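Undergrad: Structure incoming, see below.
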Amino acid sequence: MIYTMKKVHALWVSICLMLNLAPAPLNADSEEDEEYTIITDTELPPLKLMHSFCAFKPDDGPCKAIMKRFFFNIFTRQCEEFIYGGCGGNQNRFESMEECKKVCTRDNVHRIIQTALQQEKPDFCFLEEDPGICRGYITRYFYNNQSKQCERFKYGGCLGNMNNFETLEECKNTCEDGLNGFQVDNYGTQLNAVNNSQTPQSTKVPSFFEFHGPSWCLAPADRGLCRANENRFYYNSVIGKCRPFKYSGCGGNENNFTSKRECLRACKKGFIQRISKGGLIKTKRKRKKQRVKIAYEEVFVKNM
């Protein structure tokens with residue numbers, strides 16, 4: 001009798017277990033299908049970065065400090081926090097979320113367009129063409145700093161740099177000589193009393209400077225991470241001159257020189273001056289009345 005009751009009890013337990021487990025595969029399949037559908041239906045616009053280094057993975061460096069920093073994540077398309085060791089690493093590292101967004105997010109482009117001076121070319125116009133890492137075959141335009149013209153190239157479809165325009169007109173308005181598209185909304189004009197024509201007001205940086213040096217000379221001055229206060233020089237590509245700054249003693253970038261002469265030797269190569277009338281381009285030549293320029297030109301030619 002006891003054996004029969006145990007057998008019946010075991011049978012009912014088996015039936016209950018079968019009923020509870022039977023729907024599980026169906027639910028699992030439906031959940032997988034639902035999750036798959038969500039993934040495939042999600043489409044994001046092509047990612048176009050302002051700088052290629054914004055695509056670098058976060059690098060905490062070889063040191064062991066614990067410092068809160070931010071990097072741009074190309075997968076989430078957002079600036080995120082990571083722990084930095086205090087030395088080394090790469091350029092995709094920012095001290096604040098705001099700085100990260102300002103440098104790497106596309107939303108900041110409109111702000112740059114509205115505030116850039118009319119006679120200045122943006123720094124990214126001097127960057128070389130960069131097709132990116134993808135394998136697309138998209139026609140785009142870039143500004144060639146050697147030919148001084150906008151030219152066509154094939155873009156892979158992702159990453160690259162900001163010297164990348166969808167139309168030839170957009171490229172010309174932004175980077176070629178003359179009045180480019182980077183205008184301040186309230187930018188005024190003044191009437192020329194001689195020819196009764198409107199001419200732009202003078203800007204803080206003359207438009208007749210052209211830069212042809214190494215690409216890393218375009219980097220801004222970087223004080224670094226330590227607490228020293230060393231006198232160094234960096235090349236300011238906007239005005240074409242080497243300027244002093246205070247270096248902390250570690251970190252920073254390659255645009256960092258112990259002397260002004262060393263800075264000029266590295267970054268002044270190919271620096272030319274364009275005559276404003278007629279748009280002609282020529283290098284500086286020796287003139288008897290300009291002894292200072294002669295001495296400078298001798299050094300310049302020697303280091304070519």
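Every residue, even glycine, has its Cβ placed from backbone N, Cα and C.
Annotations per Swiss-Prot:
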DISULFID  CYS54-CYS104  disulfide bond
DISULFID  CYS63-CYS87  disulfide bond
DISULFID  CYS79-CYS100  disulfide bond
DISULFID  CYS125-CYS175  disulfide bond
DISULFID  CYS134-CYS158  disulfide bond
DISULFID  CYS150-CYS171  disulfide bond
DISULFID  CYS217-CYS267  disulfide bond
DISULFID  CYS226-CYS250  disulfide bond
DISULFID  CYS242-CYS263  disulfide bond
DOMAIN    125-175  domain 'BPTI/Kunitz inhibitor 2'
DOMAIN    217-267  domain 'BPTI/Kunitz inhibitor 3'
CARBOHYD  ASN145  N-linked glycosylation site
CARBOHYD  ASN195  N-linked glycosylation site
CARBOHYD  ASN256  N-linked glycosylation site
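Give me the lay of the land around each of these features.
TA: DSSP assigns CYS54 (disulfide bond) to a helix. Taking a C-beta cut-off of under 8 Å and a sequence gap of six or more, CYS54 (disulfide bond) has these contacts in its own chain: PHE72, ILE74, ASN92, VAL103, CYS104.
Here CYS87 (disulfide bond) comes close to GLY61, PRO62, CYS63, ALA65, LEU225, CYS250, GLY251: these same-chain residues lie at least six apart in sequence, with C-beta atoms under 8 angstroms from its C-beta. Look at CYS87 (disulfide bond): DSSP puts it in coil.
CYS79 (disulfide bond) falls within a strand when secondary structure is assigned with DSSP.
Listed in sequence order, LYS121, PRO122, CYS125, TYR143, CYS150, ASN163 are the same-chain residues six or more apart from CYS175 (disulfide bond) with CB atoms under 8 A from its CB. The DSSP secondary structure for CYS175 (disulfide bond) is helix.
The Cβ neighbour count for CYS158 (disulfide bond), using a 10 Å radius over every protein chain in view, is 17.
In this structure, CYS150 (disulfide bond) is part of a beta strand by DSSP.
Neighbour count (other Cβ atoms within 10 Å of the Cβ, all protein chains): 26 for CYS267 (disulfide bond). In the three-state DSSP reading, CYS267 (disulfide bond) counts as helix.
Following the DSSP three-state reduction, the secondary structure of CYS250 (disulfide bond) is coil.
The Cβ of CYS263 (disulfide bond) lies under 8 Å from the Cβ of PHE233, TYR234, TYR235, CYS242, PHE257, each of these being in the same chain and 6 or more residues away along the sequence.
Taken as a whole, the domain 'BPTI/Kunitz inhibitor 3' (217-267) shows an average pLDDT of 86 in this prediction.
ASN145 (N-linked glycosylation site) falls outside any helix or strand according to DSSP and counts as coil. Note on ASN145 (N-linked glycosylation site): other Cβ atoms within 10 Å of its Cβ, all shown chains, come to 18.
Mapped onto three states, the DSSP output places ASN256 (N-linked glycosylation site) in coil. Counting every protein chain shown, the Cβ of ASN256 (N-linked glycosylation site) has 22 other Cβ atoms within 10 Å.
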Undergrad: Please identify, among the recorded positions CYS79, CYS134, ASN145, CYS226, ASN256, the one with the smallest Cα-Cα distance to CYS267 (disulfide bond).
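TA: Given the candidates CYS79, CYS134, ASN145, CYS226, ASN256, the nearest one is ASN256.
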Undergrad: So among ASN145, CYS171, CYS226, all listed as recorded positions, which is physically nearest to CYS134 (disulfide bond)? Use the C-alpha atoms.
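TA: Closest recorded candidate to CYS134 (disulfide bond) by Cα: CYS171.
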Undergrad: Measure from the CA atom of CYS217 (disulfide bond) to the CA atom of ASN145 (N-linked glycosylation site) and give the result in Å, rounded to a whole number.
TA: 15
Undergrad: I need the nearest neighbour of CYS171 (disulfide bond) among the recorded positions CYS100, CYS158, CYS217, CYS226, ASN256, using C-alpha distances.
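TA: Among CYS100, CYS158, CYS217, CYS226, ASN256, CYS158.
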Undergrad: Going by Cα-Cα distance, which of the disulfide-bonded residues (CYS79, CYS100, CYS158, CYS217, CYS226) sits nearest to ASN256 (N-linked glycosylation site)?
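TA: Spatially nearest to ASN256 (N-linked glycosylation site) by Cα position is CYS217.
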